[in-house]
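Read the structure below first, then the notes.
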Amino acid sequence: MPVVTGRLRDPDINPCLSESDASTRCLDENNYDKERCSTYFLKYKNCRKFWHSIMMQRRRNGVKPCMPTAAERDEILRAMGKMPY
């Protein structure tokens, strides 16, 4: 597996791994009809936007690492009480 692909599959680096997998699975099941999978694409897009804003906020505040680990992300989502995307 190439290094870039390995990084994208790492849950500590990619916060939207489950959304990405769901959209790919939807495409596979629906013969790559993108219109049928638009809700999955939208959820993935919102996930990326949400975690990007968290990452930028942490970077501005000087928190390292900029992207929270998978465990930290679980705590953030639990504290919010619901999925923001």
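In case you wondered, yes, glycine gets a Cβ from its N, Cα and C as well.
Computed from a predicted structure; not experimentally measured.
When secondary structure is read from DSSP and collapsed to three states, Cys47 (disulfide bond) falls in the helix class. Marked as disulfide bond by Swiss-Prot: Cys16-Cys47 (among others).
Taken from Swiss-Prot, the feature disulfide bond covers Cys26-Cys37 (among others), and the record attributes it to sequence analysis. Sequence-distant neighbours of Cys26 (disulfide bond): residues of the same chain at least 6 apart with a C-beta under 8 Å from its C-beta are Arg36, Cys37, Tyr40.
According to Swiss-Prot, the domain 'CHCH' annotation covers 13-55, on the basis of sequence analysis. Beyond the domain 'CHCH' (13-55), the same-chain residues lying 6 or more positions past its ends with a Cβ under 8 Å from any Cβ of the stretch are 7, 66-68, 70, 73, 76, 84-85.
For 16-26, the entry in Swiss-Prot reads motif 'Cx9C motif 1'.
Under the heading motif 'Cx9C motif 2', Swiss-Prot lists 37-47, citing sequence analysis as support.
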Nonlocal residues around Cys16 (disulfide bond), in sequence order (Cβ under 8 Å, 6 or more apart): Tyr44, Cys47, Arg48, Trp51
In three-state DSSP terms, the structure that Cys16 (disulfide bond) belongs to: coil
Other C-beta atoms that fall within 10 angstroms of the C-beta of Cys47 (disulfide bond): 20
